[in-house]
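To keep things clear, I will list the structure first and then write my remarks on it.
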Amino acid sequence: SCRWIKFEEKVEQGGERWSKPHVATLSLHSLFELRTCIEKGSIILDMEASSLPQVVEMIVDNQIETGLLKLELKDKVTYTLLRKHRHQTKKSNLRSLADIGKTVSSASRMFTNPDNGSPAMTHRNLTSTSLNDISDKPEKDQLKNKFMKKLPRDAEASNVLVGEVDFLESPFIAFVRLQQAVMLGALTEVPVPTRFLFILLGPKGKAKSYHEIGRAIATLMSDEVFHDIAYKAKDRQDLIAGIDEFLDEVIVLPPGEWDPAIRIEPPKSLPSSDKRKNMYAGGENLQMNGDTPHDGGHGGGGHGDCEELQRTGRFCGGLIKDIKRKAPFFASDFYDALNIQALSAILFIYLATVTNAITFGGLLGDATENMQGVLESFLGTAVTGAIFCLFAGQPLTILSSTGPVLVFERLLFNFSKDHGFDYLEFRLWIGLWSAFQCLVLVATDASFLVKYFTRFTEEGFSSLISFIFIYDAFKKMIKLADHYPINSEFKVDYITHYSCACEPLDPVNSSLLNGTTVPSADELFYSSAEMDNTTIDWSSLTTKECLKYGGQLVGNNCDYVPDITLMSFILFFGTYTCSMALKKFKTSRYFPTTARKLISDFAIILSILIFCGIDALVGVDTPKLIVPSEFKPTSPERGWFIPPFGGNPWWVYLAAAIPALLVTILIFMDQQITAVIVNRKEHKLKKGAGYHLDLFWVAILMIICSFMGLPWYVAATVISIAHIDSLKMETETSAPGEQPKFLGVR
């Protein structure tokens, strides 16, 4: 009638299905009665038996020896205990023959329930199969039971049998621990070997009370501390001490202030039972309130004691240690990925980096007038990402363009423009100096400073990075509204009054309007030199052409572009809202778990695709990214290799070391803070970190990117954390109601 793995599940009224798992609420009285039962009943520890009839016979004989049971009741008790068990999973019309015509008191159906044996039907022949068919082999529907999946490996059962009978004057109580766990056939709902048995048969009239005692022992057996005690107990006193320990920790809810019918939901996270175990073990290492040991994972830096951050004091010492630490895992990094979970992580990270490269490429193109654009962003992400993943110390970190680098590029471009420097060449020298400074930091083991980063530094830096991107998105949106203003005075009825025409600036040329030739746009393009001797049809020109030929736009509708700003806002907020909603889909009530997880993993790309589709359907001329159709730099003014000399005066090559110092600080902070967040203890990573090796590769890749005029790349906090989340492993089997345990990262 009930079962526990960790939380209690009851057979619902009507006996067709199990209830939701809930916290077992016991009455205090039943615990005291249970304590009395253990004090008075038969306690047989390490019984050697291989089948239920054997177990029952030994218990009954033990009770007769100790004078707890009269000899003439032996057969009746044995018969009762060996009756066939009926589980809730079997529909009621499948009752065994033995049950027909007998009344079953519902209270006597505990965990695995003997039915009331009516003595009138007692058969002396205990081996008669029609009535006592307890077989040691699991039955067919036991093997088919899906509940098996929920059980941890090597689980053992503890069976609690309670019931009322009319032939006993005093209760028949036994607690048995078997020497070896034994398959007792259909006694348990699923084929699990039984290790413990608790039996309580009592005189009629107290069924409710027996049921509560049964629930009490079952709850105790599912309690971590008590179940350890039950396995190790040497005698009755140990069990009683275990119950007392449990009673010490029990909290009573007063009857008038709480409704016992309410089922308490299992908590999200359970308190650890280690403290109770320590107290029970002898309590030497008890901690008073307030002087709990420092837990590195949450408060301070907590990175101090990991060996990756020990200072060696030798030239490149840390780098050499990193390489030695990573080398043994090089092959396993490949074959560990042969898992379906890795496939979804690959797709997820691919889409995350692509969307990031697009966003970043677009923002960078705006900031540098397309000196670096989407194509450079893509190429850079591909080259640096691939090299870093293959050779770095922590391949879980994903390189990407980050906010601070974007801000620096924008400042650098504007500075070069204002002072007439060649931007890409200036940037190349800054990159070279910065890479050199990073290599110096690697050689001197400077990464050991990371252990002084506190959680506060990490959170602050992550916020800055997120803020820069959010700020840029809004800034771009507001710029759009400037570019394509909305006509707030517009009235649908006055549509006939709106116009915009192209007219020549001085009226002298207006005589040309009745000219004969109307040039096409292309002809116009080439004929600008001979403009004077061509007649222009002003009314057929486009806006750009009109302004090019010195015309002017006249009319009350010339400043406005319909729909673009509004449509862009819809796409902007729609994409965001949609991706957030799909991200939260994991916890919604629709679809099975796997479908929900898939949708939430691919939330961002799904919403981007949905809104690109909407944009294409509506067909408003919203601004699009410039992506070249062939493989060549976005800006026609540059190539794939940036020449290091010739564009700037000689002193700029040396002066570049100063801004390079800022870049170095930026890259060191960005790279190492992300690495620290990725390598946190709570992620339970197995293969060690490589702070020095990571920085070494970031410096080398910076040299390559500077020469090719590609953006600089460092570890991106947000994507790296998403990467770790997508590779987290949890326990496959968890008790009903229990949150799956986190095992580590694949």
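A Cβ is built for glycine as well, from the same backbone N, Cα and C atoms used for every other residue.
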When TrEMBL is consulted, the range among 83-110, 111-138 described as region 'Disordered' turns out to be 111-138
Of 377-406, 467-496, 557-586, the range TrEMBL tags as transmembrane segment is 377-406
Contact between the transmembrane segment (602-620) and the transmembrane segment (690-714) (at least 3 Cβ pairs under 8 Å, separation 6+): no
Sequence-distant residues near the transmembrane segment (690-714) by C-beta distance (under 8 Å, 6 or more away from its ends) are 308-309, 316, 318-319, 321-323, 325-326, 360, 364, 371-372, 376-377, 379-381, 383-385, 387-388, 391-394, 397, 399-402, 405, 409, 424, 427-428, 430-432, 434-436, 438-439, 441-442, 445, 447, 450, 633, 638, 640-642, 644, 663, 667-668, 670-672, 674-675
Long-range CB partners for the transmembrane segment (342-365) (under 8 A, at least six residues beyond its ends), listed in sequence order, are 336, 372-378, 381, 385, 398, 400-401, 406, 409, 469, 472, 476, 598, 601-602, 604-605, 608, 625-626, 634, 711, 716, 719, 722-723, 726-727, 746
Here the mean pLDDT of the domain 'Band 3 cytoplasmic' (2-260) is 75
